[in-house]
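Copied over from Swiss-Prot, here are the features:
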ACT_SITE  Ser57  active site, nucleophile
ACT_SITE  Asp352  active site, charge relay system
ACT_SITE  His355  active site, charge relay system
DISULFID  Cys106-Cys151  disulfide bond
DISULFID  Cys126-Cys174  disulfide bond
DISULFID  Cys196-Cys238  disulfide bond
DISULFID  Cys215-Cys302  disulfide bond
DISULFID  Cys223-Cys275  disulfide bond
DISULFID  Cys332-Cys338  disulfide bond
REGION    352-637  region 'Fusion domain-2'
TOPO_DOM  1-616  topological domain 'Extracellular'
TRANSMEM  617-637  transmembrane segment
Amino acid sequence: EKIKICLQKQVNSSFSLHNGFGGNLYATEEKRMFELVKPKAGASVLNQSTWIGFGDSRTDKSNPNFPRSADVSVKTANKFRSLTGGSLMLSMFGPPGKVDYLYQGCGKHKVFYEGVNWSPHAAIDCYRKNWTDIKLNFQKNIYELASQSHCMSLVNALDKTIPLQATAGVAGNCNNSFLKNPALYTQKVTPPXXKCGKENLAFFTLPTQFGTYECRLHLVASCYFIYDSKEVYNKRGCDNYFQVIYDSSGKVVGGLDNRVSPYTGNSGDTPTMQCDMIQLKPGRYSVRSSPRFLLMPERSYCFDMKEKGPVTAVQSIWGKDRKSDYAVDQACLSTPGCMLIQKQKPYTGEADDHHGDQEMRELLSGLDYEARCISQSGWVNETSPFTEEYLLPPKFGRCPLAAKEESIPKIPDGLLIPTSGTDTTVTKPKSRIFGIDDLIIGLFFVAIVEAGIGGYLLGSRKESGGGVTKESAEKGFEKIGNDIQILRSSTNIAIEKLNDRISHDEQAIRDLTLEIENARSEALLGELGIIRALLVGNISIGLQESLWELASEITNRAGDLAVEISPGCWIIDNNICDQSCQNFIFKFNETAPVPTIPPLDTKIDLQSDPFYWGSSLGLAITAAISLAALVISGIAICRTK
């Protein structure tokens, strides 16, 4: 007796329909193309091989109490240039009795965790009771220049020429010594014949290189005394006070001249010392000062100014019972491109009150890893391009955009059954199993989607009648990816310029940046909608080709025992081919594996340079589809006599 065996429709109401370009899908499940990510609080880096840290005892491996004294891991401590008791400002000025460490090193991203050793607790005087304002200005200049340089170094000995009448001086309020920078020089005079002394003329040279470190710009402390009145300085009738630095052309670049500038007018009778931070190019400079006193620059920090990169400043404060300042915090917040890491609780150490704080260890644990994005809001290492909330600037790397969860397109998942495509770009193959808008029937295929985005099905189908070549899909991906990049390039340039200018008190610029980023997010969501439709078509056509191969295999296995009378239907004589014979022909998985479509592995990679300077919108969408068709045990067939 002859019977007709056909593949039977298997879609029910539990399936959802997904429309795509080139084919549609029914699916038992669905999932969002990307999940929202949440930034992790604290510091991290984009590349472990291109960052350097500058620290003190809390990052010093040579500290006898390490690692209990540290706020970082052993791995991270290896990246720091540190010495217990040190700080960049201590090395700049060299107050007597304090640690003097040669800070130098190179890295695209610089992390600063130091500063606490010069704070009110240190009680440094030397003609100034409160150094916090000078520290604020110093740290701000360090962060600014570090963000534009690959290498930086302390220059701890400048070439200089001192007038013969001047000798090194000391001060009682400076431990009967004085700072290493500036150095104090005095003239010994004998009233009344030589009561005033001679005007001082000195020279110093800022080098173009210090050791192996190139110096294109120097940070110099221009220090001078401040007198409340002419009478305070001019007790001997020696005219007005001045201390001025000139460049080689005679231009004033620093200092104070009370011959043209007024005195403070306060009632004090003891001078104070002020130090302005000035940025100077290499060269020879002259210093002129009024008789008796000369403050001479002896040190600088030099920067090569070769590469822009991120700067992270970590809040550096004491534990209980020691007075701290917040100059590091204020300096970073007022410097474009500086990310500040702040504690929420008082510093509580493990080794002692001031070393080994658990909260700080957690905030700095991200330095052990590489992140895709670093920002003031924290760091992200997930590949999703979306986050629930806007990441605060500054930010660097491939940073996600703010989006609402419901706005992210969904893709089919779980059990997938394709329908035929109607897209005009898909040509008809020589042989098709399923007509236009027919549901795939009979066999269920599981599509395993390993990531979020599939290939673009652009190009010609194979002459054998199924699918799209991997090469043509990749070319489609490349074309659309390039088109999207072209559309983004002008916006990226504008964002880069904005990030160069943005600071925490420029609210208008921040608002504009936020508006642009929101527009970028909406545009990306639109792009993903297109990608989702292409993905659906990709899977649909791929499964159709697999079914075509399956039908061909059925016909080949049947030989003369079954005759294909239409796509997906065969006539068989059950007197000749009994049940076991039919099982061999139709129930593949019980006897042999079903031939499956080769995995589709096509990618889209829309990204900027991972060190894209200042870009809050550097973005990467990297994903792949690996598609495998598997036959579920128990073929559903329709038999008619």
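Note: Cβ is positioned from N, Cα and C throughout, glycine not excepted.
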Residue pair Cys275 (disulfide bond), Ser57 (active site, nucleophile) - Cα distance, angstrom, rounded: 27
Nearest recorded site to Cys238 (disulfide bond) by CA-CA distance, among active-site residues Ser57, Asp352, His355: Ser57
C-beta crowding around Cys275 (disulfide bond), within 10 angstroms: 24
C-beta crowding around Cys106 (disulfide bond), within 10 angstroms: 18
Proximal residue to Cys338 (disulfide bond) among recorded positions Cys126, Cys151, Cys302, Asp352 (C-alpha distance): Cys151
Residues near Cys302 (disulfide bond) in space but at least six apart in sequence (CB under 8 A): Met152, Ser153, Leu154, Val155, Leu206, Pro207, Phe210, Tyr213, Glu214, Cys215, Arg216, Leu217, His218, Leu219
Sparsest-packed among the disulfide-bonded residues, when each Cβ's other Cβ atoms within 10 Å are tallied, from Cys174, Cys238, Cys332: Cys238
Alpha-carbon spacing, Cys174 (disulfide bond) to Asp352 (active site, charge relay system), which is rounded to whole Å: 29
Of the active-site residues listed as Ser57, Asp352, His355, the one whose CA lies nearest the CA of Cys126 (disulfide bond): Ser57
Candidate nearest Cys223 (disulfide bond) in space, where candidates are the active-site residues Ser57, Asp352, His355 and distance is Cα-Cα: Ser57
Neighbourhood of Cys196 (disulfide bond), C-beta criterion under 8 angstroms, separation at least six: Val189, Arg236, Gly237, Cys238, Asp239, Pro291, Arg292
Closest of Cys106, Cys151, Cys332, Asp352, His355 to the residue listed as 'active site, nucleophile', Cα positions, recorded positions only: His355
